[in-house]
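Reading through the structure tokens given below for one structure.
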Amino acid sequence: ERIRELECILAEKDEEIEELKAKLDKFQSIFPTATQQRHLGTFGAGMPRTQRAQGISAEPNLVIGDPSLAQVRTYAKSEKTKTLIRQAILENDFMKHLEDCQIEEIVDCMYPVEYSNGSCIIKEGDVGSLVYVLEDGKVAVTKAGAHLCNMGEGKVFGELAILYNCTRTATVKATTNVRLWAIDRHCFQAIMMRTGLLKHTEYLEFLTSVPTFSKLDEDLLRRIVDVMEECHFEYGDYIIRQGAIGDTFYIISKGNVQVTKRKSASSEPVVIRKLAKGDWFGERALQGEDMRTANVVVDDTEGVTCLVIDRQSFTQLIGDLDSVKQKKYDEVPVQNSKSDGFYVGLTLEDFTAIDTLGVGGFGRVELVELKNDITKTYAMKVLKKRHIVDTRQQEHIKNEKAIMMECQSDFIVKMYRTFRDTKYIYMLLECCLGGELWTVLRDKGHFDDSAARFYTGCVVEAFTYMHSRGIIYRDLKPENLLLDTRGYAKLVDFGFAKRIGFSRKTWTFCGTPEYVAPEIILNKGHDLSADYWSLGILMYELMTGSPPFSGSDPMKTYNQILKGIDMIEFPKKISKNAQSLIRKLCRDNPSERLGNQRNGIKDIQKHKWFDGFHWVGLRKGSMSPPIKPQVSSSSDSSNFDKFPEDEEEPPPDDLSGWDVDF
Ligand code: 6J7
């Protein structure tokens, strides 16, 4: 038994040796050994070169614009065959490095070929242009008459010919009837060039969408694209480790990362920032420091893709850009979510609904109390899953949860946790019993300068918090501001909020018509500065009772917005200083907007309309609010409008599992 076992091992080893010999032979035919080089007079390490080296031409026979680039012929094949070809390519040393999309195209373009037993498929010394994958049968490989190896199904051979013009380095003969799949050099090159060009265009478009690079001239952008390499990292991978030597610069093209940093060698790293598509990192170690100054860790279950640039290219092409050279970091740790033990232990059955605080197409918001401590009340937002799916809001709802759970600001309504069942998603929120600012505004008509300043100040604080974390809000309006029992305003409803990172744009059209910025209407891509536009609109509405741009239907409103703020005649009740700030916030060009300049949101706080405003008092909660709401107890819902009982129950969700995070 032992002998049989050893014979088996020996047979396997023999096969392995044959395969390795064949590979070695192939490599040696392209890269001569040191001894051969010396004989040939070619140069080796540290040796003077005595003869001209032979160039290898790998230039494609194709030029951009060649019609065969646009379309390559494909041949139908079964899934089993496709898998066999794909697998053969992935096991081949030369071809396994191709991109997935290139492999797929090659698989589709290979055509069937058959040879009978004994026929010669490849002849040593011939010029070849075909590469084969063996689907069925056996072949023998010989060189100068000597047997090199046998090959069976699932093997690639002849692949050198598709890389450049070369003579065949060995003979391959069928030793049974064989069925093969083949592709020629021309078709292979068309695939490579096309996918390469597509990638180039894709990278160029992507770079143009990243504000740091968007203004660079196209020539420079193309040079950057030429040196970029795509790298993928899995969830939890450290792309950069603090203290390591760094030689690369990264631009995120897909996914999210966390930046963490330890203050001292013995302390735990804390999260200081989250980055997303379009954000870049790794410039510091390339600017003289050498050492990485923070960790960058993949924070996305689907992994992260980065476009990577090496030190030399960075220095030549990017390092001198002011926005890169002068990038400053405010190393404030990101607060952990509020999902502490108390809320984790609760179930829906622990709450009783007392009243309805709001109703909408999405569902409703109920005032609920904890059964075992009725002094603890919350707002429970109940969203119909079917409605979310029908209106394709799954991503928005997920963003809403992720962002609200992360935010810990006194100017943002807190989310404690979420629940779900077959029909609804539930969000347990801090309740603000002062009611909606919209209701107060409706009842009062408009606010005076000082009240408008106080509420605008609350929003500025909320935006300062969110924007410093790369989060855009996108739905500012009085309906989304709630007053707490003190009378301070807090932002609520984060359905349109999104983490877009810094200096990055997003294209989703969202917001409330009267409040959307012109670049959103024109689909030019928008960034955090769209929130500053809406801040100007809010100021106007708070001081007059209605927004400056308002038509009988959204299209009319959009047309007015596109005509610009200069077309608006400001009523007298808006003070000169307030007018000045509104006009500066509502600039058509986002880069001219106050808040979007070098000093960021501080420019808004320093505007003369805010002269003397007690920002520190606002932050500490020591400032007196303009209106003190009447709230008699933790279950007093009298500051909210009355809403009817719920209509019929929605059907259950589509069970696609999009809601697993809730
Ligand atoms: Br993004 C980012 N934020 C910070 C930060 O607050 N502090 C530090 N030191 N680095 C930060 N980064 C990026 C920056 O690009 O993280 C990278 C770590 O490698 C750093 O460049 P690096 O020192 O080369």
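Including glycine, each Cβ sits where the backbone N, Cα and C put it.
Taken from TrEMBL as is:
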- 3-30: coiled coil (COILED)
- 94-209: domain 'Cyclic nucleotide-binding' (DOMAIN)
- 212-335: domain 'Cyclic nucleotide-binding' (DOMAIN)
- 351-610: domain 'Protein kinase' (DOMAIN)
- Leu357, Gly358, Val359, Gly360, Gly361, Phe362, Gly363, Arg364, Val365, Lys381: ATP binding site (BINDING)
- Asp475: active site, proton acceptor (ACT_SITE)
- 611-662: domain 'AGC-kinase C-terminal' (DOMAIN)
- 622-662: region 'Disordered' (REGION)
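Feature annotations (TrEMBL) mapped to structure.
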residue : record                       : Cβ neighbours (10 Å)
Leu357  : ATP binding site             : 25
Val359  : ATP binding site             : 16
Gly361  : ATP binding site             : 8
Gly363  : ATP binding site             : 22
Val365  : ATP binding site             : 24
Asp475  : active site, proton acceptor : 21
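Within its own chain, the region 'Disordered' (622-662) has Cβ neighbours under 8 Å at 354-359, 364, 367, 369, 374-377, 384-387, 389, 394, 398, 401, 418-420, 422-426, 433-436, 439-440, 447-448, 450-451, 454-455, 483, 485-488, 614, counting only residues six or more beyond its boundaries. When the region 'Disordered' (622-662) is classified with DSSP, helix, strand and coil residues number 0 helix, 0 strand, 41 coil.
Maximum intra-site Cα distance, ATP binding residues Leu357, Gly358, Val359, Gly360, Gly361, Phe362, Gly363, Arg364, Val365, Lys381: 14 Å. Separating the Cα atoms of Gly363 (ATP binding site) and the residue listed as 'active site, proton acceptor' is a whole-number distance of 18 Å. For the ATP site, the Cβ centre of Leu357, Gly358, Val359, Gly360, Gly361, Phe362, Gly363, Arg364, Val365, Lys381 serves as reference, and the other residues of the chain with Cβ at most 8 Å from it are Val382, Leu383. Residue counts of the domain 'Cyclic nucleotide-binding' (212-335) by helix, strand and coil are 28 helix, 41 strand, 55 coil (DSSP-based). Sorting each residue of the domain 'Cyclic nucleotide-binding' (94-209) by its DSSP state yields 39 helix, 43 strand, 34 coil. Distance from the CA of Asp475 (active site, proton acceptor) to the CA of Leu357 (ATP binding site) is 19 Å.
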